[in-house]
Amino acid sequence: MSAETPINVVGGGAWGTALANAAAGAGHPVTLWLRDAGAAAALQAQRENPRYLPGVPLHPAIRATGEAVDLAGARATLLVVPAQTVRGVLESLRGPLATAGPVILCAKGIERGSDSFMSAVAEQVLPSGTPVAVLSGPSFAIDVARGLPTAVTLAAADAGRAAALSALLSGPSFRLYHTDDVRGVEIGGAGKNVLAIACGIVAGRGLGESARAALIARAFAELMRFARPFGGRPETLMGLSGLGDLVLTASSPQSRNFAFGQRLGAGASPAEAAGGKLAEGAFTAAALAGLAAAKGIEMPVAAAVAAIVAGTASVDDVIAGLLARPLRGETD
């Protein structure tokens with residue numbers, strides 16, 4: 001394809017807009033698709049996303065559209081929609097995506113009901129042989145949109161494709177490292193959202209920085225235990241998409257998952273804590289805990305978050321239960 005063949009970004013939220021800016025900053029024309037044609041027209045006219053990224057200009061190389069036909073014939077397509085909507089969006093765009101290059105999944109989560117990771121969902125929906133990749137790592141949309149230095153991981157089963165896509169999307173301030181460990185990257189992204197809620201609860205309860213540091217370390221140990229039976233590699237979890245993303249989202253109120261947990265810790269109900277905003281970890285918690293239980297993987301922090309979100313346990317009872325667990329070797 002020519003250098004003028006666009007890169008698609010499907011999804012006009014904060015992260016989709018930020019990735020569109022990053023791809024345009026890497027020297028590519030970008031087609032930014034929004035489900036709402038009116039919102040797409042407004043974005044195209046205003047050259048800004050006032051709802052999600054007010055004050056951040058849209059790169060001149062971005063064209064916003066609400067027409068699915070505009071997605072055909074791209075070099076690659078970044079799917080940037082919430083994890084629980086990935087299947088529906090892929091089904092609705094299956095036709096144009098057949099000629100839209102590799103599909104890069106940017107949602108971090110596990111589908112409720114099927115307990116499927118995002119790459120598995122894509123493989124179930126897209127035509128056989130459609131190349132699929134996953135992008136994940138420590139990144140806030142506002143930082144990427146403003147061109148602040150950020151590094152993430154791109155994974156594809158074909159190592160050569162992973163390297164090529166990373167090179168395609170990397171720019172002056174947005175660096176992509178590549179791997180063929182798709183499942184390891186997905187586990188890091190989905191799992192850290194759940195564990196970031198736990199860290200937010202600790203902050204909201206005023207339990208101190210020492211408690212939060214201990215929780216981050218123990219939560220990371222849970223991710224490592226979970227990854228092995230599902231084929232994720234330890235070195236992947238120790239990189240950007242695992243430990244890097246966990247540290248970022250477990251330490252900052254900019255993270256929706258951390259902020260959700262913080263409100264839970266301060267006494268809000270799950271519905272009140274959500275406040276109409278998406279916290280992917282709230283949807284992933286039950287799936288993560290269920291998958292772990294089915295394989296006999298001990299994940300007490302993830303299970304505690306799932307119970308709190310489901311309303312079957314109180315924050316105080318969960319904290320008391322975790323503190324009463326038997327002492328053990330640190331690496332057991």
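The first residue you see is number 1, and the count goes up from there.
Glycine is no exception: its Cβ is also placed from the backbone N, Cα and C atoms.
Feature annotation from Swiss-Prot assigns active site, proton acceptor to Lys192; the stated evidence is sequence analysis. The NADPH binding site annotation in Swiss-Prot covers Trp15, Arg35, Lys108, Ala141, Arg256, Leu278, Glu280 and rests on sequence analysis. Annotation source Swiss-Prot lists sn-glycerol 3-phosphate binding site at Lys108, Gly137, Ser139, Lys192, Asp245, Ser255, Arg256, Asn257.
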Those binding-site residues of Gly137, Ser139, Asp245, Asn257 having Cα within 10 angstroms of Glu280 (NADPH binding site)
Asn257
What residue among the binding-site residues Ser139, Ser255, Asn257 has the most other CB atoms lying within 10 A of its CB?
Asn257
Can you tell which of the recorded positions Trp15, Arg35, Lys108, Lys192, Leu278 lies nearest to Ser139 (sn-glycerol 3-phosphate binding site) in space, using Cα positions?
Trp15
Which residue, out of the recorded positions Arg35, Lys108, Lys192, Arg256, shows the minimum number of other Cβ atoms inside 10 Å of its Cβ in this structure?
Arg35
Taking the residues Trp15, Arg35, Lys108, Ala141, Arg256, Leu278, Glu280, which the record names as binding NADPH, find the longest CA to CA distance and state it in Å to the nearest whole number.
23
Per-residue Cβ crowding (10 Å cut-off), top of binding-site residues Trp15, Ala141:
Trp15
Max CA to CA distance in Å over the sn-glycerol 3-phosphate-binding set Lys108, Gly137, Ser139, Lys192, Asp245, Ser255, Arg256, Asn257?
15
Using all protein chains in view, find how many other C-beta atoms are within 10 Å of the C-beta of Leu278 (NADPH binding site).
16
Same-chain residues at least 6 positions away from Asp245 (sn-glycerol 3-phosphate binding site) with a Cβ under 8 Å from its Cβ, in sequence order, are Lys108, Ser136, Gly137, Pro138, Ser139, Gly188, Gly189, Lys192
